[in-house]
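Visitor: Below: one structure in structure tokens.
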Amino acid sequence: MAGQRVFPLSCVVQHYAWGKMGSSSEVARLLASNDPLAQIAEDKPYAELWMGTHPRGDAKILDNDISQKTLGQWIAENQDCLGSKVKDTFDGKLPFLFKVLSVETALSIQAHPNKELAEKLHLQAPQHYPDANHKPEMAIALTSFQGLCGFRPVEEILTFLKKVPEFQFLIGDAASTQLRQSTSIDAQAVASALRNCFSQLMKSEKKVVVEQLNLLVKRVSQQVSAGNNMEDICGELLLQLHQQYPGDIGCLAIYFLNLLTLKPGEAMFLEANVPHAYVKGDCVECMACSDNTVRAGLTPKFIDVPTLCEMLSYTPTPSKDRLFLPTQSQEDPYLFIYDPPVPDFTIMKMEVPGSVSEYKVLALDSASILLMVEGTVTASTPTAQAAISLQRGGVLFIGANESVSLKLTVPKDLLMFRACCLL
């Protein structure tokens with residue numbers, strides 16, 4: 001099958017402890033749908049599905065002629081499949097990792113460095129920051145998906161300082177007053193005051209944090225037991241996080257960060273230096289190829305509070321402004337494009353009604369990876385000798401400039417996501 005540049009992939013599952021268990025996980029459900037013989041262990045977390053060439057999860061090629069190779073090995077020998085611009089810009093490597101995540105336990109208060117800081121951190125502490133690349137990410141909800149993202153408007157933080165005495169105690173009067181007064185000065189004064197407040201919290205003595213958190217959790221629990229609604233101070237979320245990470249400073253970060261609940265198809269983009277955490281739900285995610293994460297709470301992993309407090313973007317924004325909106329394609333009414341302001345990746349969502357018998361996947365000057373979330377098709381391409389069957393959970397690698405035609409074998413709606421690099 002010389003010249004074959006479109007083929008199905010077998011992707012790598014990561015069983016991190018924070019993942020949803022067994023068949024409650026969208027990762028596990030996608031696996032089971034695609035392979036009826038797959039054994040899903042109900043006592044095991046299915047956290048992430050990796051679709052790409054990461055050294056810890058290089059996808060395997062499911063094609064008789066090239067099935068002894070991983071995708072990374074094959075791309076190294078066939079760099080032209082990336083597209084000329086992608087090949088030149090990213091040194092002959094696929095620049096993104098595409099994923100499905102199923103989150104049950106909240107996933108660390110964190111941020112990712114820009115390239116300049118990544119290079120510095122990698123030189124200083126390669127054991128914690130293993131490469132010199134940035135790591136922008138985008139998450140698109142598959143089910144209702146909850147996350148923390150970016151700093152809340154200052155008015156909201158000031159309200160929490162009034163309503164949550166334990167939070168106020170840890171921030172201190174001087175920092176709280178500075179934040180309150182900054183609102184009548186300018187954006188720079190606000191950023192400086194916000195940085196001071198957040199740093200005060202994050203650098204609080206562990207013993208004092210545990211004491212104050214226990215007081216707050218006890219008070220909220222009693223109020224909830226008495227039938228009182230505590231949503232004005234995010235009571236339910238606080239109790240949930242404290243149960244997962246007792247005594248962890250990250251439980252109080254909810255009073256600084258926007259809480260977003262994404263509906264299926266809604267997205268958030270996590271650029272460099274934006275604090276965030278995934279709380280619960282299922283999403284597709286795309287990221288630049290890097291393992292650089294600076295963490296400060298809600299994690300058993302290495303925590304680097306000084307670096308996080310130093311690097312963050314202290315720009316308050318309303319939660320609605322953290323939603324990343326796709327644009328609808330001019331050429332294809334079923335195609336929505338999530339194109340973030342970074343060169344490494346773009347995500348496309350295709351929602352095709354079951355009444356359409358055949359759907360042409362747009363040829364791109366970029367290698368891409370397509371995930372079938374709903375639907376059953378056969379994929380054909382000019383370079384493939386045989387059609388490829390693709391169903392829910394199926395993953396297809398598409399080389400640059402390849403045209404792929406999908407014939408619906410069942411008249412049910414299709415939902416697909418495609419990661420690519422549009423330079």
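Using the three backbone atoms N, Cα and C, a Cβ is placed for every residue, glycine included.
Just so you know, TrEMBL annotations are computer predictions that nobody has curated.
Copied straight from TrEMBL:
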{"type": "DOMAIN", "residues": "6-154", "note": "domain 'Phosphomannose isomerase type I catalytic'"}
{"type": "BINDING", "residues": "Gln110, His112, Glu137, His276", "note": "Zn(2+) binding site"}
{"type": "DOMAIN", "residues": "170-257", "note": "domain 'Phosphomannose isomerase type I helical insertion'"}
{"type": "ACT_SITE", "residues": "Arg295", "note": "active site"}
{"type": "DOMAIN", "residues": "337-381", "note": "domain 'Phosphomannose isomerase type I C-terminal'"}
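I would like each feature placed in context: is it buried or exposed, what are its neighbours, and how far apart are things?
Guide: Secondary structure counts, DSSP: the domain 'Phosphomannose isomerase type I catalytic' (6-154) has 40 helix, 45 strand, 64 coil.
Using a 10 Å radius centred on the Cβ of His276 (Zn(2+) binding site) and all shown protein chains, the other Cβ atoms total 23.
On its own chain, Arg295 (active site) has Ser108, Ile109, Gln110, Lys301, Phe302, Ile303, Asp304, Leu308 as residues at least 6 apart in sequence with a Cβ closer than 8 Å to its own Cβ.
Taking Cβ pairs closer than 8 Å, the domain 'Phosphomannose isomerase type I C-terminal' (337-381) reaches residues 5-6, 9, 30, 51-52, 75, 81-86, 89-90, 94-96, 98, 100, 134, 136, 138, 140, 142, 265, 267, 269, 271, 284, 286-289, 324, 326-329, 331, 387-423 in its own chain, all 6 or more past its ends.
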Visitor: Would you mind splitting the domain 'Phosphomannose isomerase type I helical insertion' (170-257) into helix, strand and coil residue counts from DSSP?
Guide: 68 helix, 1 strand, 19 coil
Visitor: How many neighbouring Cβ atoms, not counting its own, are there within 10 Å of the Cβ of Glu137 (Zn(2+) binding site)?
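Guide: There are 25 of them.
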Visitor: For the domain 'Phosphomannose isomerase type I C-terminal' (337-381), what are the DSSP-based totals of helix, strand and coil residues?
Guide: 0 helix, 25 strand, 20 coil
Visitor: Taking the Cβ of His112 (Zn(2+) binding site) as the reference point, list residues of the same chain whose Cβ is under 8 angstroms away and which are at least six residues distant in sequence.
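Guide: Result: His134, Lys135, Pro136, Glu137, Leu270, Ala272, Asn273, Ser290, Asn292, Thr293, Val294.
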